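Notes follow the structure.
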C-alpha cells in the first residue's frame, strides 16, 4: 500500500522505475538537456556526487550507448564518462567509477589520467547535503558544496566547457551567481518540470568556461572571497547591495522540460492492469553501500532483541 501510494503521488518516481532509471532525478538532467542541448559534441564528461547513478545512466544512454551502436564508431572514439562519489555504486555500461573526494586535487588527477591527459567537455553535479528544513542553512551548505565542485571543475574542465550543478534558491543566490560568472560567460538558473514546485531546488547551467586571465587553480578561494559586484565595486553587501539601484542583478531563470507534461506536484491515477490490481515495481538499483546501512542493522538487531525478551518464558513458569 505504501509503495503504491508513492507511485500515485509522484509520477516521476513511478516513471523512473518503469523506464529503468535508478532515481527520478534522471528526468531533471534529461529536461535540462532538452532546453540547453548540453550533450551536443560532448566526448568526455564527469559526474560529481554520482551515487546512486541516475545521472550517469542518462550520460551512458545518451552518449556512450549510441556511439557504441554506431557502425562508424571506433574503439578510441567512444565517449568517456567518469563518475565520482565517496560511496560506491553498481556498475553502469560505459561509466568509469572513481571512489573519492571531489575537493581533493588527487581526484582531479585521476580523472585527467582516465581522459589520457585531456580535459572534460562537461561536468555535472547533482549532489546535495542532508537537508534540515531550515532554508537559509540548507542554501548555505549547498552553495559550499557547489564551490567544492567548482574546485575540481577548474582542474578538469576545458576552456569553453559546460558545468551543471544543483542549487538551492535563497537570499544569497545573487552571490553564487556572480561567483559562477567569474568563470563562465553565460550562467542560467533552470527549474526542470520534474523538480517539485514546492522545492527550493534549481540548477545552475553554466556555459563557456573562461577563467580570468592568469587564473591559478590554487587561488580559487582567494578569488571568490574578493567578489564584489558585477560593476566592480567591492564595498557593497553581497546579499542586498546588488538588488538596489544601478547594481541590481537580474538572474536568468528558466523553466525547462515539456511544460504541458507531467506535473511533479500532482497525483495521477495508477495505470490499470489485466489482473485488475496495480503492482508497484521495486527500485531499479538499491544502494549497495548506503551510509545509513549500519544504523539500519543496529535498529534491526535491537528490534529482534526486544522481540526475544517479549517471548522469553519467565523463571517461574
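Here the Cβ of each residue, glycine as well, is placed from N, Cα and C on the backbone.
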Segment assigned the feature region 'Disordered' in TrEMBL (from 224-270, 271-317):
271-317
List the same-chain residues at least 6 positions away in sequence whose Cβ sits under 8 Å from the Cβ of residue 126 (S-adenosyl-L-methionine binding site), in sequence order, or say none.
25, 28, 29, 49, 50, 54, 55, 165, 166
Which one is it: of the recorded positions 53, 55, 85, 101, 166, which Cβ has the fewest other Cβ atoms within 10 Å in this structure?
101
